[in-house]
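Shown next, in structure tokens, is the structure this report addresses.
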Amino acid sequence: MNHGILALVSSIGCTSAGSLQSLADAMHIPHLFIQRSTAGTPRSGCGTTRSSRNDDYTLFVRPPVYINEVILKVVTEYAWQKFIIFYDSEYDIRGIQEFLDRVSQQGMDVALQKVENNINKMITGLFATLRIEELNRYRDTLRRAILVMNPSTAKSFIAEVVEANLVAFDCHWIIINEEINDADVQELVRKSIGRLTIIRQSFPVPQNISQRCFRGNHRISSSLCDPKDPFSQNMEITNLYIYDTVLLLANAFHKKLEDRKWHSMASLTCIRKNSKPWQGGRSMLDTIKKGGVNGLTGELEFAENGGNPNVLFEILGTNYGEELSRGIRKLGCWNPVTGLNGSLTDRRLENNMRGVVLRVVTVLEEPFVMVSENVLGKPKKYQGFSIDVLESLSTYLGFTYEIYVAPDHKYGRPQDNGTWNGLIGELVFKRADIGISALTITPDRENVVDFTTRYMDYSVGVLLQKAERTMDMFACLAPFDLSLWACIAGTVLLVGLLVYLLNWLNPPRLQMGSMTSTTLYNSMWFVYGSFVQQGGEVPYTTLATRMMMGAWWLFALIVISSYTANLAAFLTITRIENSIQSLQDLSKQTDIPYGTVLDSAVYEHVRVKGMNPFEKNNMYSKLWQMINRSNGSENNVQESQAGIQKVKYGNYAFVWDAAVLEYVALNDPDCSFYTVGNSIADRGYGIALQHGSPYRDVFSQRILELQQNGHMDLLKHKWWPRNGQCDLYSSVDPKYKGGALDIKSFAGVFCILAAGIVLSCLIAMLETWWNKRKGSRVPSKEDDKEIDLEHLHRRVNSLCTEDESPHKQFSASSIDLTPLDIDTLPTRQALEQISDFRNTHITTTTFIPEQIQTLSRTLSAKAASGFSFGSVPEHRTGPFRHRAPNGGFFRSPIKTMSSIPYQPTPTLGLNIGNDPDRGTSI
């Protein structure tokens, strides 16, 4: 120092570098700092700060530490979500603090573990302290690991872990260190299994071999510039930068001499207190910064902040494989300006899968995976949407596959001992390479297997049976409630009784000849006839009765109109809306039980949500209460097909994947299903692979290509057509479309008619039996005659008037009087007894002598002069029937029993016989 100092070149640690930086800044001596790693451990930033006064004299020859940026980019490209970082005891973990903060913000699960110098002791301690379940979880963690340590420690650690069987061939490790040379790379590849990615700093090498050892106007020793030279391969990067730094200073000195701007060197001593800063320090620093050199590390130059911006990281990678002697190749490179150049995907894997046979495990689930052909002695053939996706991947990548169904026909869930069953268990135990079906991507499954990108969105739906219009035999009574029918029947009886009482208290005055009877029976019959709009035969003339009947008719009008309207709407209904239109509606009711498949993703999702006390939506707790009845055995099924059959033939709702339920509803022959869609989980269907499988990225990339070119949509429309034969969302059976009414609609009406007919027949039989029993009190057959006087009455009236009129002759046959045998009449036409007609008067018009005073009309002498009466025989007494104009008999409205005089006309030869076509009208 006493002889003078032109510049300081240091290759030390960060602590000592701070002291030299202070000295150089104080004495204005250019300081070229080359950071040296400790025992080959990756560098961590020194954290030195530069002054804002631009009086710093320290230049940083080695580029800044970019380990955080490089690792983050690589991990993102590999899409890691869970991994562990191993670092040796010499490394300052604060060097990757920025990386840890950023991956934590992205939701990655990262673990840290320090590797001691005695690696064998550390591995032995793991087996001694961890239980089997914990050790299995630790093995799973080791499938993704980052090693931040020196090359020698990394080689020892990998060898010990492989020897302890803590990793398998599906593992993927990343080693990052700037100091890794070619010999270290080959050793690491040889000792590792699975996939290995190495990140190291690289330097450009001239393509022309003859120019590799020439740098501008000087020649470099072949032991340094030849990459194949053992000495060059074993050189540390720090020494390469020292060589280039010395070369840079030599060029700067030469530049000063050529410019004749040389300043005497600074003479420094630590004894004297009055040492002054070097006056030529700033000029020398500027010359160094402006100059540059192309050395062993490439272009060495400095930016305004005094740092070297030129750095390049090389990313090397191996393929997955079980063979120990496998090759390694360059995957890409990274620099702070352009970032990652190249792809980390193993392109050779995409082109070299021909001849690879993958074992595929599946679960039968329509329409994802179905058996298309099952011939005895031949392998089963499968079809479905997932099979089409797998076939597209196979065609593009060139691999073949063998499919088998999971032994327990389940998708899989974690067991109490930490293992998995079902399809996921087949992958965890490495009995299958790929798992495909209606398999949803869940966080729990991603902890043990890898998934490709989703190839179809996932949602949960409900399958229900469409409402059938179940017509009751007495559907005609449905418009009114039973209580309303009872009230109406009671009202009929009450009004009928009131009408009878009102007429009994104030009987109406009847005109002469009116035979109206106001009995209780007739009152009830009149009220009922009015109610059914058939009218009544009993006139009521009192004011009170008419007021009563007016109110009753208004009541009957309203009731009948309402009944007619409701009956028409009920019988011609075309849409019956089901009350369940969402999962929320399903959780609120208990009439229809519901469930899902045990140990499925839907079951686990509802269980976790339903048992979470902090879940705001109580829908999940209600769903879980129904699904978990009897520990899940009451309402849940083992397979989805069992749930579908349970919906079809019973009162049940099946909660399952919406895509599966839509396919079932679209292809049901009876179109008896409808679905309720309501996404309760934003997930997707993916292809599951073994943890660390080399095929995940390749499959994911191809799936994205299928989605972009529209081929995936074509596959979806194949299994879920837009225009299916059934309506997915209509809750009404399509057989009921509102056309003509069928017999079911009026079965009750016919039943009522049949009941009336049967009842009337029974009553007729009872009346016949009763009349036969009372036959002894009926008059004898000889006296039981009916005289048909109708014809005579009509002919006489045509001849008689109040005034005298000319006599008009008529034949004797027209006035035949024929006695009628009462016993020959039907029972229901039996005549009344005399006792039934007391105090009743009769007015008759007949051809009899004038002396009888009961005649209401007599013939004049002129009109009767043509007849010879002779003697009048004894009057006959008996009940009479009136002959209707059509020849039939009906009960006369005049109920009487009196002596009817009649006079035979012997001169005309009247024949009184048993001709039924002749009689006397009364």
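Cβ atoms are placed via backbone N, Cα and C, with glycine included.
Among Asp229, Asp657, Asp668, Asp670, the residue that TrEMBL places alongside Thr440, Arg445 at the L-glutamate binding site is Asp657. The disulfide partner of Cys726, as annotated in TrEMBL and taken from the candidates Cys487, Cys671, Cys800, is Cys671. Put simply, Ile580 (site 'Crucial to convey clamshell closure to channel opening') is 26 Å from Thr440 (L-glutamate binding site) when counted between their Cα atoms. Taking a C-beta cut-off of under 8 Å and a sequence gap of six or more, Asp657 (L-glutamate binding site) has these contacts in its own chain: Glu365, Ala438, Thr440, Tyr458, Ser459, Val460, Gly461, Val602. For Cys726 (disulfide bond), the nearest of the recorded positions by C-alpha distance turns out to be Ile580; the candidates were Arg445, Ile580, Arg607. In this structure, the C-alpha atom of Arg445 (L-glutamate binding site) lies 32 angstrom from that of Ile580 (site 'Crucial to convey clamshell closure to channel opening'). Apart from Thr440, Arg445, Asp657, the L-glutamate site neighbourhood in this chain, defined by C-beta within 8 angstroms of the site C-beta centre, holds Tyr411, Ala438, Leu439, Ile441, Thr442, Tyr458, Ser600, Ala601, Arg683, Tyr685.
The recorded positions considered are Arg445, Arg607; of these, Arg607 has the fewest other C-beta atoms within 10 angstroms of its C-beta. Cβ neighbour count for Thr440 (L-glutamate binding site) (all protein chains, 10 Å cutoff from its Cβ): 22. Neighbour counts were taken at the CB atom with a 10 A radius for the recorded positions Ile580, Cys726; the maximum falls on Ile580.
The two recorded residues Cys671 (disulfide bond) and Arg607 (site 'Interaction with the cone snail toxin Con-ikot-ikot') have their Cα atoms spaced 32 Å from each other.
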